[in-house]
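If you check Swiss-Prot, you get these features:
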type	residues	note
ACT_SITE	H359	active site, proton acceptor
BINDING	6-9, K20, Q71, 76-77, 98-100, G135, E150, N165, N223, R329, K347, Y362, N373	UDP-N-acetyl-alpha-D-glucosamine binding site
BINDING	D100, N223	Mg(2+) binding site
BINDING	A376, N382, Y383, S401, A419	acetyl-CoA binding site
REGION	1-225	region 'Pyrophosphorylase'
REGION	226-246	region 'Linker'
REGION	247-453	region 'N-acetyltransferase'
Amino acid sequence: MNIVILAAGTGKRMRSALPKVLHPLAGRPLLAHVIDTARTLKPTHLVVVIGHGAEAVRKAVAAPDVQFAVQEQQLGTGHAVQQALPLLDPSAPTLVLYGDVPLTRAGTLQALTDRAGQGGYGVLTVTLADPSGYGRIVRDAHGKVARIVEQKDATPEQLAIAEINTGIIVAPTERLGDWLAALKNDNAQGEFYLTDAVEMAIEAGLEVVTTQPDHEWETLGVNSKQQLAELERIHQRNVADALLVAGVTLADPARLDVRGTLECGRDVSIDVNCVFEGRVTLADNVTVGPNCVIRNANIGAGTRVDAFTHIEGAEVGANVVLGPYARLRPGASLHDESHVGNFVEVKNAVLGHGSKANHLTYIGDADIGARVNIGAGTITCNYDGANKFRTIIEDDVFVGSDTQLVAPVRVKRGATIAAGTTVWKDVEADALVLNDKTQTSRTGYVRPTKKKS
């Protein structure tokens with residue numbers, strides 16, 4: 001089977017310089033969702049027709065299995081499909097999809113192609129309470145499809161029809177090419193309509209068959225920011241419903257955003273206003289507090305992620321406590337039972353089993369062993385303005401508050417760093433390190449006072 005995805009439109013109502021099909025839904029371009037669905041049908045040829053913003057669209061979705069055809073002038077859907085014909089297998093049927101209709105399910109498309117068979121013409125239709133704006137399916141006295149009439153060309157009687165054309169069709173490729181070549185643009189829009197090929201198919205003796213999706217939202221398209229927002233909420237509701245069915249506890253399904261894939265184990269609980277991006281895995285008994293952002297991360301069993309924690313590109317072990325207001329940046333690896341508390345940032349660093357950094361700390365480019373205590377206000381000074389250096393802290397080290405570790409530096413097993421110390425040389429095992437400081441007290445000191453005006 002061939003699949004053609006039309007993605008050449010300008011999207012004027014979006015009021016944006018970004019091509020319409022590249023506007024994000026759940027964090028990915030609209031067109032990417034359509035391509036993903038198309039791939040599940042295993043087409044032999046997958047062609048995207050591009051036009052407005054062609055190079056940006058090509059760059060955004062380029063892949064070895066995707067071919068591109070260019071529609072230099074946007075002269076209608078029939079003209080767009082014509083541009084793809086040279087790239088198709090003429091002996092296989094062609095399914096036509098739209099780059100701005102992202103929520104159609106693969107099962108719906110499979111049902112349409114199965115109904116049409118190898119040589120039939122199939123149209124996906126929907127019956128709407130309010131069909132305004134859509135082309136109507138006109139049937140004959142026997143209930144068979146006779147033609148499709150666009151809204152602007154319809155008579156008052158035809159406008160009363162509730163069954164509408166979604167634009168998604170499947171047809172025999174070789175014959176479709178002949179029909180498209182015979183299209184005329186004598187209509188209100190002055191365009192070559194793909195829908196006009198229906199009458200030609202009927203005249204050629206083909207019965208045009210139809211199927212309908214299980215849900216109206218499967219065929220909703222995006223022509224404005226309002227419609228984009230509506231589809232975003234529909235998609236997120238569907239994701240939330242699937243998580244609930246799988247046993248995940250959601251404090252409020254309407255306040256969850258998944259912009260990628262979220263895999264959850266048993267007894268996972270997610271509070272409100274959480275965002276998951278990329279590929280995220282939450283193992284059994286993970287609890288995520290409110291207002292967290294987790295991107296491309298794996299969170300181990302029993303871990304608690306408290307409010308306002310941001311995690312990106314991190315590996316988190318089991319029974320870890322994170323936050324509130326913690327930040328894990330790419331390359332962070334937290335072993336089991338470690339703690340990263342409020343206003344602690346970890347980047348490209350390992351925190352060993354049972355180690356704790358509970359307050360106001362920056363840990364960057366560091367390898368920290370097991371059972372290490374990192375006091376409040378500790379900074380690993382990893383950057384000299386040109387190069388990054390690593391800090392190594394071995395097992396059972398105690399680092400006091402307000403410590404600066406100037407990398408490259410190693411603190412060996414069991415050492416103690418006194419509060420307020422700057423460490424710029426390696427520390428031996430079990431040693432106490434402190435910077436000698438003299439404390440001076442003055443009796444009778446009087447604070448300066450402001451002059452009264």
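Each Cβ is built from the backbone N, Cα and C atoms, and glycine gets one as well.
DSSP labels the residues of the region 'Linker' (226-246) in these numbers: 20 helix, 0 strand, 1 coil.
When the alpha carbons of L6 (UDP-N-acetyl-alpha-D-glucosamine binding site) and D100 (Mg(2+) binding site) are compared, the span between them is 8 angstrom.
Distance from the CA of N382 (acetyl-CoA binding site) to the CA of G99 (UDP-N-acetyl-alpha-D-glucosamine binding site) is 46 Å. Using Cα positions, the member of the binding-site residues G9, G76, N223, R329, N373 nearest to N382 (acetyl-CoA binding site) is identified as R329. Residues 14, 23, 25-26, 102-103, 217, 220, 253-254, 256-258, 262, 264, 270 of the same chain lie 6 or more positions beyond the ends of the region 'Linker' (226-246) yet place their CB under 8 Å from a CB of it. Comparing N223 (Mg(2+) binding site) with N373 (UDP-N-acetyl-alpha-D-glucosamine binding site), their Cα atoms are 55 Å apart once rounded. Measuring Cα to Cα from D100 (Mg(2+) binding site), the recorded positions that fall within 10 Å are G9, out of G9, R329, H359, N373, A376, Y383. A376 (acetyl-CoA binding site) is 5 Å away from the residue listed as 'active site, proton acceptor' when you measure Cα to Cα. Shown are the binding-site residues D100, E150; the one with the most C-beta atoms within 10 angstroms of its own C-beta is D100. Residues within less than 8 Å, Cβ to Cβ, of S401 (acetyl-CoA binding site) and separated from it by at least 6 positions along the same chain comprise G375, A376, G377, T378, A419, G420. Note: the Cα of Y383 (acetyl-CoA binding site) and the Cα of G9 (UDP-N-acetyl-alpha-D-glucosamine binding site) are spaced 48 Å from each other. Non-local contacts of N373 (UDP-N-acetyl-alpha-D-glucosamine binding site) by the CB criterion (under 8 A, 6+ apart in sequence, same chain) comprise S355, K356, V397, F398, V399. Residue density at A376 (acetyl-CoA binding site): 18 other Cβ atoms are found within 10 A of its Cβ, drawing on all protein chains shown. Ranking the binding-site residues G9, G99 by how many Cβ atoms sit within 10 Å of each one's Cβ puts G99 at the top. By the criterion of other Cβ atoms within 10 Å of the residue's own Cβ, the least surrounded of the binding-site residues L6, A419 is A419.
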